Amino acid sequence: MELMSENMCDGIYPSIVVTLFLFLCSLRMDFLVLFLFYLVLVLIGVVTVCICSKTHYLKGVVRGGAQIISCIIPKCLQRAMPKLLHYLFRTRNHTFIILHLILQGMVYSEYTWEIFGYCRELEFSLCYLLLPYFLLIINLVFFTLSCVSDPGTITKANELLFLQVYEFDEVMFLKNMKCSTCNLRKPARSKHCSVCNRCVHRFDHHCVWVNNCIGAWNARYFLLYLLTLTASAATMAIVSTVFLVQLVVLSDLYLETYIDHLGHFQAVDIFFLIQYLFLTFPRIIFMLGFVMMLSFLLGGYLCFILYLAATNQTTNEWHNGDRAWCHHCRHVARPLSADTQVNRNIHSHGLWSNLGEVFLPATAPYERKKN
């Protein structure tokens, strides 16, 4: 094992002198700093959008950004941009499905050609290395189910059945309301999707990545798809990180010294190690950075979806809930001694019951649940 590891390190590592030359010729490119700065900007942007999505600030930010961009982009592109955005986000198409599969294929190809081969030479456990492929198979199954399954389309035939499933709160969901497009009575927790042009039972959101609405009947598939996608990204990030750490340890690179731009000897630190590995394995480092960022973003979104499932809410209800109750309070006289109530979730029946409703959608009338 030791002999094989030493031979491998000799084969895949250039000499420290050559690497230092490349490092000094790279015009002091602080790759780690640039990547961390980029990652922080992306995370701040995502958090800002999530916070502002329930306020009026987002519209102002978007409007201001559009005015700035309009001064830079030519008029012909400005005219084409709304059509492109409408096609991508307001019509059903397979663009994001294809993009999803291409990105997934590129990541797994890099993992197979680079990480898997090197790790086999270092005698990593085969089960450990095959775990991302196992998660990929499960992920593709639930991805397909999320794409093709019926989210709970409301039709004239099942309209009466859906009307009995959930209680109307008379705030966000009113009795005897009709969909202006479908001309059907709107069951509680349903919504008309303008992209799919249909009313969906317990509508959550329309996901462009699966080209389908997420509703009562396919929310479980979407949750498991998101869970396995997050797990596969995190697993590849862990395997890649362990591989790089193993190489640094076997080569004793962390014990070396180098000459800085002032001619002083410096001990190798974490910043130098990462830039050294970037120069030696640029594709692996880019893949690792991508799956790490993906793990953080997907992990955050997964936690949000799990929170909604645990409290028996949908994304649509979470987004519109406070606004609906505030609008309701302005039209309903309330006693002065009454506590201020921003939102009231009448559909939550405890953690396990709420989670069970995701995987076994409610079909019985709500009156029976109360008995």
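In case you wondered, yes, glycine gets a Cβ from its N, Cα and C as well.
For reference, TrEMBL has these:
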DOMAIN    177-320  domain 'Palmitoyltransferase DHHC'
TRANSMEM  35-53  transmembrane segment
TRANSMEM  87-108  transmembrane segment
TRANSMEM  128-148  transmembrane segment
TRANSMEM  222-249  transmembrane segment
TRANSMEM  286-310  transmembrane segment
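Across all of the domain 'Palmitoyltransferase DHHC' (177-320), the predicted model scores a mean pLDDT of 89. As a summary of secondary structure, the domain 'Palmitoyltransferase DHHC' (177-320) carries 82 helix, 20 strand, 42 coil according to DSSP.
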